[in-house]
Amino acid sequence: MEVQVAAFGKINLLLEVLGQRPDGYHAVNMIMQGVRLSDRIHVAEAHANHIFTNSPYVPNNASNLALKAALLMQAKLELPPVTIKVEKRIPVSAGMAGGSTDAAAVILALNALFRLNLPQQTLMTYAAEIGSDVPFCLSCGTALATGRGELIEPLPLLQPFHLVLIKANFGVSTAKVYQAYSSPEKAKAPADRLREFLTDIKGQNVSAILNSLYNDLEETTFSMYPKVQSVKEKLYSLGAEHVLMSGSGPTVFAAFTEEKAAWRFYQRAKSHFPVIYLTSTVSENDLKRRIVIS
């Protein structure tokens, strides 16, 4: 038996840094959103643990978060070894939780493969041990993330909207961006901005959300990696109205309420960027069909 899981990527619609915590991490408010651009994870029982990927940029050892997730659950639950195949589609080092979502997919796959029927809270606990983004990636809908990003409060799934994603041809060190971050003067208090976002999500007011996209880390990342700022400026110059850097970068996205508008913009923009994707946010059907047992 094999279990296949769609490992959806994520973007941030809101990222506010609230300050540094005693443990060295930064406290954040984030609205996280799953996107249809996804990896495909295949898991089957085996005589020994193996992991295979189709990307030369992804390690085939225990530093891969997907294998780390399997090893964690095996240690806790005495599960048999497995073979993991990772079909990478999410760009590597893009700030889209590519490694984290693969780990979450393995947790879901093992739960299904061995018929564990573990409660969601247990899965979330395992996920948080692997990385801050992994708990969100278990559900990959729309959610509020607080703490260092690992405390997840599911929100009503937003009606799908459409995205053109640009990945710069280099990675960004999230740790270095946070180390360099200094709190700017803010036009709105974090509590006010978050309250408005939550109200708009509850009301499914996608247009208002796209008008309010916000990321505290942009200024820091732009100062360290000016090419990321150039991407954002180019998207505006090509006619995009709603543009944001996701996470600490380097991925920047343009958002559209209408699919045809996104497609037309993609056609206009694709000659300007070597790595560009046309996708959308996840729908209820995407989430319902993400696990396949064969």
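Count begins at 1; order follows the chain as displayed.
Even glycines carry a Cβ here, placed using N, Cα and C.
Going by TrEMBL, these are the annotated features:
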ACT_SITE  LYS10  active site
DOMAIN    64-140  domain 'GHMP kinase N-terminal'
BINDING   PRO91, VAL92, SER93, ALA94, GLY95, MET96, ALA97, GLY98, GLY99, SER100, THR101  ATP binding site
ACT_SITE  ASP133  active site
DOMAIN    208-274  domain 'GHMP kinase C-terminal'
Query = Including all protein chains displayed, how many Cβ atoms other than that of THR101 (ATP binding site) lie within 10 Å of its Cβ?
reply = 29
Query = At the level of the C-alpha atoms, what whole-angstrom distance separates LYS10 (active site) and ALA97 (ATP binding site)?
reply = 6
Remark   = For SER93 (ATP binding site) and ASP133 (active site), the CA-to-CA distance in whole Å is 14
Task = Indicate whether SER93 (ATP binding site) is helix, strand or coil by DSSP.
result = coil
Task = For each of the recorded positions (LYS10, GLY95, ALA97, GLY99, ASP133), count the other CB atoms lying within 10 A of its CB, then report the residue with the highest count.
result = ALA97
Note = As a whole number of Å, the Cα atom of GLY95 (ATP binding site) is distant from the Cα atom of ASP133 (active site) by 10
Taken over the domain 'GHMP kinase C-terminal' (208-274), the model's mean pLDDT = 97
Ask   = Should LYS10 (active site) be counted as helix, strand, or coil on the basis of DSSP?
value = strand
Query = Using DSSP, what's the helix, strand and coil tally for the domain 'GHMP kinase N-terminal' (64-140)?
reply = 46 helix, 6 strand, 25 coil
Message = If you count other CB atoms within 10 A of each CB, which of PRO91, SER93 wins among these binding-site residues?
response = PRO91
